[in-house]
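Feature annotations, reproduced from Swiss-Prot:
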type	residues	note
TRANSMEM	2-22	transmembrane segment
TRANSMEM	68-88	transmembrane segment
TRANSMEM	100-120	transmembrane segment
TRANSMEM	146-166	transmembrane segment
TRANSMEM	171-191	transmembrane segment
TRANSMEM	222-242	transmembrane segment
TRANSMEM	253-273	transmembrane segment
TRANSMEM	294-314	transmembrane segment
């Protein structure tokens with residue numbers, strides 16, 4: 001039964017990822033006043049299938065100088081971790097109900113750094129290595145703020161379990177009292193998933209595509225799938241944390257529709273940001289985090305710790 005549940009989770013994720021690539025190309029197309037893909041199938045709807053067939057039927061070339069084992073393991077690890085992170089997400093019922101779901105998510109996103117590092121190192125190409133080092137530095141840096149923002153939200157929720165956040169937000173979304181945290185969280189998720197304007201790992205002008213420069217065909221497609229699965233997962237996580245949908249046990253479908261709609265809108269906002277903003281310079285990226293976000297999130301975390309203690313002495317206002 002568990003295997004069926006697992007498949008019923010993984011297959012829709014991969015389908016969502018496939019069509020997200022199409023949505024991205026369409027959104028970017030219309031924002032640049034052009035059509036986007038519209039040849040394969042009606043309105044270009046079969047484009048992702050054509051892309052998948054093309055990528056997976058190509059010969060996976062391996063450079064002679066590369067470390068073969070690590071070169072092949074890296075993309076598989078990237079996709080495995082990207083899919084594993086979906087297990088504790090309540091939609092409205094998680095695949096595995098974990099007591100420490102949030103901690104599990106953080107641990108998995110930290111492990112994702114290794115797949116990037118290995119892919120850059122195993123390629124034995126200077127561009128791939130520079131891209132991987134940039135990606136690792138960026139991902140590790142932004143995880144610091146993500147962890148602190150999560151801690152602040154969990155202080156309001158009072159539990160590490162993700163379903164508890166649904167209960168916390170029955171009366172009000174957490175984005176309303178803690179909107180500065182939500183804004184910083186959104187920007188940090190952009191940086192964490194290596195999306196524009198923080199896609200310095202893939203700086204075409206200087207790095208020829210970054211850590212996946214030596215990958216072609218299937219392994220490249222695995223990295224691609226992992227990246228987009230992470231984007232959708234991060235937006236779902238944002239929805240759970242700050243835009244909690246109302247859950248009525250008698251009508252769980254309503255929760256799922258509400259939840260999916262919010263996550264979709266957030267994902268489209270990722271694409272909107274990509275179409276609107278130019279790429280950051282690397283020092284600006286690091287400056288934004290260490291000089292601006294980190295002090296602010298620490299201050300807000302202290303605020304979230306002290307507020308319940310201060311207000312605990314006030315008698316209930318009935």
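Counting begins at 1 with the first residue displayed.
Placed from the backbone N, Cα and C atoms, the Cβ positions cover glycine too.
Residues of the same chain lying 6 or more positions beyond the ends of the transmembrane segment (100-120) and with a Cβ under 8 Å from any Cβ of it are 70-71, 73-75, 77-78, 81-82, 84-85, 87-89, 94, 128-133, 135-136, 139-140, 143, 146-147, 150, 154, 160-162, 192, 201, 211-212, 215, 223, 226, 230, 237. Two recorded stretches are said to be in contact when at least 3 C-beta pairs lie under 8 angstroms, sequence spacing 6 or more; the transmembrane segment (146-166) and the transmembrane segment (253-273) fall short of this definition. Counting Cβ pairs closer than 8 Å to the transmembrane segment (68-88), the top stretch among 2-22, 222-242, 294-314 is 222-242. Residues 144-145, 148-149, 151-152, 155-156, 178, 180-181, 184 of the same chain, all 6+ positions outside the transmembrane segment (294-314), place their C-beta atoms under 8 angstroms from a C-beta of that stretch.
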